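What follows is a single structure, written as structure tokens, with notes after it.
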Amino acid sequence: MPFPVTTQGSQQTQPPQKHYGITSPISLAAPKETDCILTQKLIETLKPFGVFEEEEELQRRILILGKLNNLVKEWIREISESKNLPQSVIENVGGKIFTFGSYRLGVHTKGADIDALCVAPRHVDRSDFFTSFYDKLKLQEEVKDLRAVEEAFVPVIKLCFDGIEIDILFARLALQTIPEDLDLRDDSLLKNLDIRCIRSLNGCRVTDEILHLVPNIDNFRLTLRAIKLWAKRHNIYSNILGFLGGVSWAMLVARTCQLYPNAIASTLVHKFFLVFSKWEWPNPVLLKQPEECNLNLPVWDPRVNPSDRYHLMPIITPAYPQQNSTYNVSVSTRMVMVEEFKQGLAITDEILLSKAEWSKLFEAPNFFQKYKHYIVLLASAPTEKQRLEWVGLVESKIRILVGSLEKNEFITLAHVNPQSFPAPKENPDKEEFRTMWVIGLVFKKTENSENLSVDLTYDIQSFTDTVYRQAINSKMFEVDMKIAAMHVKRKQLHQLLPNHVLQKKKKHSTEGVKLTALNDSSLDLSMDSDNSMSVPSPTSAMKTSPLNSSGSSQGRNSPAPAVTAASVTNIQATEVSTPQVNSSESSGGTSSESIPQTATQPAISPPPKPTVSRVVSSIRLVNPPPRPSGNVTTKIPNPIVGVKRTSSPHKEESPKKTKTEEDETSEDANCLALSGHDKTETKEQLDTETSTTQSETIQTAASLLASQKTSSTDLSDIPALPANPIPVIKNSIKLRLNR
């Protein structure tokens, strides 16, 4: 892969360099020979992971997009004729396919899908797109798996065109014709547009702006390929689960390129970790000064919108209307990412000093050796089609559970693994499709206490209630769609998970992007998706015995939807292996530069910084009541910092503040403001014992909604549940912590 390197002489003899970003650069230093050598080594290290596509495959994509573009032009001409437009207009009516996302940025991996946008003139309606254009696609022999999702937050047609998966959005502009040289970055195009068209245009506008805001596109692309691979290998690539998606990673890399405009990829990767391991969140990352277009569209602005002040890690899109691409980030996910930034800095320090190779940066840490305690979530459905829908819904709500666990006063960290796994069948003779997620837990150090009880019942129940409510109201729910939750300790994970994911030292895969389970199910780690890793399809049951639990009932014969919470007795927590989430910043010989935090504050005053506040009072002694009142122990006026909840709150306790993001480019418009303490993790030896409370049956879904009214306001705009009785079995997960 050719790599341009520009050498520079004395700054006095150079003409003024174009200024990128909202601050002056940190360094204008030109690359040295050692940087070029390290960059070439980086490229060689990346190749086995499949992040570069062969030229032949790239040409095939271009050919497919050309065919699709011709189909769009042909379809728009037909629509124009049917609506009796003048012949002179029909001849020049135009229409065009634009791309965005990883393909447009030039960082797509082998086999990745393509995000596309169909732009049509004003006389072509959205209904035409989902009827006549859909029918036209159906007639193409290269098109397979065609499906329209018209009711989505951003409506889309999905298809597979000659083996390449493509998602096509639609935007109708207020223009009579669509010229070939149309620049979608022009803000005037947004005037008088339907909100769905504005959302559809947003992806292209953001991608194009990013490419116009970096000093050197080739350096940006190679750096972004490396950072995206690193994020996927370290399980922090998932917008939907509260980490960062592809656009957010691209904006962080673009900001790094602005601060070091002459640096090449090897230096930029190191500087990326340097800048963002020291970044003072929640100061926002901005690529350009926000501009007001007077179109009255909602934009991210904490001075105006109180909900924006609750965002913990704001990364602001550069195109109008500016939005925060990371509103799903929670206290725990930010903690995990910042710690990964610090570890990345330490490794790249070693690489620059020739003490390590690039391969060390891309070694995948073993999530299942990192924590002592885990929550395992299982979603099951009777058919594969239902499983795909059910898994999508459950996964989109897992961040609510993480946010709820964070607020438990005895939990320091709740770390969800973005990968999902095929789960063992409950009944080998029954047709059932099961998927599972794993959440690592770190418990807070207990002080001045002999015995503590940590009750996770409320946290689990409010999550499952939310999922069932949405499934019922969206008419997606089917009998035998279930969610199960269980507490598992590290040494018992082997009974649930495939063997290859539990190895203490993972072998470096030459393919790098695909791990194949023993049961032939696969987990594709290379998918370019802003949401998550791909969901595996458990085509065959794993011959693994279910979790051995003594003295507890998993409620497996209970009516659907059964919310089961298995309990494991005699859990020993004396071997807690915890990450140092707030360790001192990594230092290296090249890490002494100061990061200009003012770079992120153009005209926006910063939201108040969180204050660390310890909750050490109101700790319950042994033999607590099963559902204690949720008295809040500490009142903290700072809006960024949430108040810790003492295990199960009373149903009348006022809920946490929620935020509504109606105009975010996500199918999930309403989401919780995930707030909580910035906590310092401590190591502690605990003896834990799990106790199970008697199952409690809630007779109807309506009474479930009433009793859990404050459990989640994620769906505050959803009406009351239908009257048909849906019994729900409610179990408890309680841990007793002993000093």
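Cβ coordinates come from backbone N, Cα and C, glycine included.
Taken from TrEMBL, the feature compositional bias 'Low complexity' covers 1-17 (among others).
According to TrEMBL, the feature region 'Disordered' maps to 1-23 (among others).
Summarising the annotation, TrEMBL assigns domain 'Poly(A) polymerase nucleotidyltransferase' to 21-214.
The ATP binding site annotation in TrEMBL covers Phe100, Gly101, Ser102, Thr109, Asp113, Ile114, Asp115, Asp167, Lys228, Tyr237, Gly246, Val247. Cβ neighbour count for Lys228 (ATP binding site): 23 (other Cβ atoms within 10 Å of its Cβ, all protein chains included).
Counting every protein chain shown, the number of other Cβ atoms lying within 10 Å of the Cβ of Asp167 (Mg(2+) 2 binding site) is 17. Residues annotated as Mg(2+) 2 binding site in TrEMBL: Asp113, Asp115, Asp167.
Residues or ranges marked as Mg(2+) 1 binding site by TrEMBL: Asp113, Asp115.
Marked as domain 'Poly(A) polymerase central' by TrEMBL: 219-363. In the predicted structure, the domain 'Poly(A) polymerase central' (219-363) carries a mean pLDDT of 95.
Here the domain 'Poly(A) polymerase RNA-binding' (366-434) is broken down by DSSP into helix, strand and coil counts: 27 helix, 20 strand, 22 coil. What TrEMBL lists as domain 'Poly(A) polymerase RNA-binding' is 366-434.
Annotation comment: TrEMBL describes 523-534 (among others) as compositional bias 'Low complexity'.
Residues or ranges marked as region 'Disordered' by TrEMBL: 523-697 (among others).
Among the features that TrEMBL reports, compositional bias 'Polar residues' is placed at 535-557 (among others).
Per TrEMBL, the feature compositional bias 'Polar residues' maps to 566-582 (among others).
Taken from TrEMBL, the feature compositional bias 'Low complexity' applies to 583-594 (among others).
Taken from TrEMBL, the feature compositional bias 'Basic and acidic residues' applies to 649-660 (among others).
According to TrEMBL, the compositional bias 'Basic and acidic residues' annotation covers 676-686 (among others).
Feature annotation from TrEMBL assigns compositional bias 'Low complexity' to 688-697 (among others).
Every protein chain considered, the tally of other Cβ atoms within 10 Å of the Cβ of Asp115 (ATP binding site) stands at 25. Residues in the domain 'Poly(A) polymerase central' (219-363) partition by DSSP class (helix H, G, I; strand E, B; coil) as 72 helix, 6 strand, 67 coil.
Shown in sequence order, Gly101, Tyr103, Ile114, Ala116, Lys158, Glu165, Ile166, Ile168 are the same-chain residues outside Asp113, Asp115, Asp167 whose Cβ sits within 8 Å of the Cβ centre of the Mg(2+) 2 site. When the binding-site residues Asp113, Asp115, Lys228, Gly246 are ranked by how far their Cα is from the Cα of Asp167 (Mg(2+) 2 binding site), Asp115 comes first.
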